[in-house]
Amino acid sequence: MSIRTSIALIGILFAISIYTVLLVVYVSTLSQNGSGCIYATLVDSSLYDAKNFTWEQYNSTLIYTALGNKLPLDGGFDDFSDVCRTYLVNLTSISGLASHVSTKPKIRSVVGTRNCVTYLWRIHIQSLSSSLGLYTIFYVIREWRRMFGVVRFEDDAISTARYTKNYAARVISSVLLNTTYTKMSRFMCEIMIYKNALSRTFKDDPISFLFHHPIAAVLIITEGLVRLGAQCLCLATLSMYFVPCEKVLSKWFLSITGIFIGIIICIELSLLLAPGPVDGAAMLGETKQVKKDECALETSPSGVHVFCSNCCASLISNILIKVLYILFMIILIVTIVRYERTLQIALFGRAYLP
């Protein structure tokens, strides 16, 4: 069950990443071709009515003019509609052509504009990026709960011996200090025994357990809310089919969007409806056999040298992990901000960020 869930979550992360990249490429193509603008137009300006306009994609064979020489309404969200207004022609400059029989059907009076490149960026690309981040956070929180928190099924638990700091301390003590460091392993074993006891209580009566352990309840609820937020942001892509900007999307891209949404829904439903593991029947007073190697520890020699080496292994591993984590976060944040700014300038000519 746990392995299948982890594989499913990794599959969701992979699907969101691939679709987001495809959407960015498609939006870049729209921006370069100048086909990312749509207009709320009236064929006959004398029949002006806010309910009678129709949205249509920019067409270079048509003539677009502002109704009454007034700037049309934009689409909101600070959507750079000034880019779309550059295609508008002053009505007075074509007054002679407007009365011509062959030209009049090509004139469109514009009452509103919308830059769909900005809409797709602000609404969908950023929502998918947030969904990807929330799914990643959920995956990390879930793995930590499986290692240090309570779980309902034994198959969902992860041995605390796999804790990164425990492994780092063991490697440093073995490779650099030529000694055997078991203090962290013993501590992880004690945590695992305590965690297993809490998990049995949680499995027998989850509601009472969460009532008596409010911190665990808050953490589990937070984990669920993070996943729910990721699902909502991801499925918000469905709105792409019901907005005027749907006109700038090709049929093949709409098909890819439908396939992507279908994959996410199928994976989430499979995780929701998948049955849990069946516990074997046990006789009264019978206890399950514990794995012999679960808390097996090597005996380490004693002495001042070994004590100093163990302290060094613990300190060095702690500092090393924190330094690597800080460097990773700095590089990740700088890369994301710089890439987003560069991409916004390429798409819109300017960026939201200063």
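The backbone N, Cα and C atoms fix where each Cβ goes, glycine too.
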Same membrane side per Swiss-Prot: TRP55 vs ALA274:
yes
What is the nearest of the glycosylation sites ASN33, ASN52, ASN90 to ASN59 (N-linked glycosylation site), using the Cα of each?
ASN33
Let me spell it out: take the transmembrane segment (206-226), skip the flanking residues so only those 6+ beyond its ends count, and list any with a Cβ under 8 Å from a Cβ in it.
134, 137-138, 141-142, 145, 149-150, 152, 198
How big is the gap, in Å, between the Cα of ASN33 (N-linked glycosylation site) and that of ASN52 (N-linked glycosylation site), rounded to a whole number?
29
Counts of helix, strand and coil residues, the topological domain 'Cytoplasmic' (227-252), according to DSSP:
23 helix, 0 strand, 3 coil
At a 10 Å cut-off from the C-beta of ASN33 (N-linked glycosylation site), count the other C-beta atoms across all protein chains.
9
If H, G and I count as helix, E and B as strand, and all else as coil, what does DSSP give for ASN33 (N-linked glycosylation site)?
helix
At a C-beta cut-off of under 8 Å, are there same-chain residues at least 6 beyond the signal peptide (1-31) that contact it? List them, or none.
116-117, 120-121, 124-125, 128-129, 131-132, 135-136, 138-139, 142-143, 146, 153, 155-158, 234, 248-249, 253, 256-257, 260, 263-264, 267-268, 270-271, 274, 276-277, 343, 346-348
